[in-house]
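All remarks here apply to the structure that follows.
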Amino acid sequence: MIGLPLEARLPFIISSLLLLTTPAINAYGSDKCGYCHFLVATFEAGLRRTARHHFAGGDTAWEERKLGKYATSETRFIETMEDVCKKNALKETVQFSGLSDLESKCAFLVEEHEETIEEYYYKHQSSNMTTWLCESRLKLCCPAGQYGKECSKCPGLEQSGLACYGHGKCDGDGSRQGSGKCKCDIGYSGNMCRQCAPDYFEKTKTSNTVECEKCSEACAGGCTGAGANNCVRCRSGWSNSTGEGCLDINECEDEGKCSKANEKCVNTPGSFECQCVEGYKREGSECVLDVEAQKSSDNEEVDDEDGSDDDDDEDSPSFKTEL
């Protein structure tokens, strides 16, 4: 390609991208928007990489006077396109991990819309590329908080400024797909995720925000606030005490608990556990002698005995010399 004019080199770059497994037309699957985001991310990486470059060799002043500034030159555009649709142009690609054949499908998108990408570079670099290219021109994406062919607003967006009140994921958010239904985060419910789920209570709520918090583990059937004294009723293993709410029952006070040989009862919140006493381990339902633990204990005792004469060592802090 050495010696070819600049305008002749760009098709070679595009073709080299397409040497990767080129998909059939419209074979993007269900997320053209994702591939457009990848295109933009790699294009912007190329712009950053070339930001401080200039015309190489020759009379730079003459070239800038005759060919225009490097920032919007064809030379820089070609150099920028060398990074487009390549994973190694980005430090991280985890956000694109769900997209199959990422590089090849991105390259196909470039081929489809090469002239539009050039238009952005030469005339609209000051605009946000995702907004200009993916949303407005190619209509593959929607702004955040919008979904579907017409970029309808997700539930809760108008009321709170956030899709699903910021407590869920709007199906199709940011793409030209989806139903727009909210899938609420844990602890939230309702078509806009503005209600608290069972076993959660409203910690704070205003006209455009809500914060839910989990009820105490002592509660059954929900609660009206924080702590064990705001339970609707007490969970099994807890008892209601006037003024104190639901208190943990200490099952270990019942002598009938953990009555097998070498067992001990350990109280836990709302329940109890039967554990083996020291030196024993669980095998099935029985506590049997832990031979390995016994050996380890015996070895420690031997080590202590071997070191018992250390007190007579002249290097010992307790050693005294009589004159």
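Including glycine, each Cβ sits where the backbone N, Cα and C put it.
If you check TrEMBL, you get these features:
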- 299-316: compositional bias 'Acidic residues' (COMPBIAS)
- CYS184-CYS193: disulfide bond (DISULFID)
- 155-194: domain 'EGF-like' (DOMAIN)
- 248-286: domain 'EGF-like' (DOMAIN)
- 291-323: region 'Disordered' (REGION)
- 1-27: signal peptide (SIGNAL)
Can you tell me how many other Cβ atoms are located within 10 Å of the Cβ belonging to CYS184 (disulfide bond)? 20
Near CYS193 (disulfide bond), which residues of its own chain have a C-beta under 8 A away, given they sit six or more steps off in sequence? PRO155, GLY156, CYS164, TYR165, HIS167, GLY168, CYS182, CYS184, ASP185
To what whole number does the mean pLDDT across the domain 'EGF-like' (248-286) round? 94
Through the lens of DSSP with three states only, how would you label CYS184 (disulfide bond)? strand
